[in-house]
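> Please find one structure pasted underneath; my questions will follow.
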Amino acid sequence: MEKLLLGTLLLSILSASVTQSDVKRKVLIFPQESATAYVSLIPAVRKPLQSFTLCLKSFTDLTRPYSLFSYNTRSQDNELLLFIEKTGEYQLYIGNSRVSFNGPSSPYNPRHICVSWESASGIAEFWVDGKPLGRKGIRKGYTVGADAKIILGQEQDSFGGNFDAKQSFVGEIWDLSLWDRVLPLKDMCGCCDGGNVLDWKTLQYEENGYVVTKPSLWAQ
């Protein structure tokens, strides 16, 4: 029994080893619906966020709800969550409060999503494919916690787990960066790297389950 447990532990460690690499021209592929496939992102710095800018690119043909970026702390679910309720309806959660933005509804195209938020005003600004979807208020005066699990491919219903396959992401994600400040999103149309919290060019991450890294099919 002890040998079996040790073998299981070693297999778990080997299947979720930390990788650090420049994946600038690569994508993370989540090939099928699952409650076990996800990527844990390891931030370059851990600090409370009173403002942020998050940018990423993705492709999927899903029409059901799914999570693009899930950031939970031990004390707060949906601390920072980018969630797609349906094609063209983007939901941003901060401190488990939600605000929605409506955008292009045509599926089957890659999406370039950027969102920024600042605590001082509570204003969140959302852009898709270089076009603004407007600004709305959420969680004025709030601080996003520092000790977080950051997950791609799944939506956390608890700290680092409790995944639902029907909210899993199926598709490809690339060019993700997170900054600890608000950047002018009109200048982010062609660039998604350089984040000081998460940077796709120097990304540290753990793959869990059926996740594949491949060269991008789309121009960078």
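Backbone N, Cα and C atoms are what each Cβ position is placed from, and that goes for glycine too.
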> For the disulfide involving C114, grab the partner from C55, C189 as TrEMBL records it.
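Between C114 and one of C55, C189, TrEMBL records a disulfide, namely with C55.
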> Could you tell me the mean pLDDT the prediction assigns to the domain 'Pentraxin (PTX)' (24-219)?
93
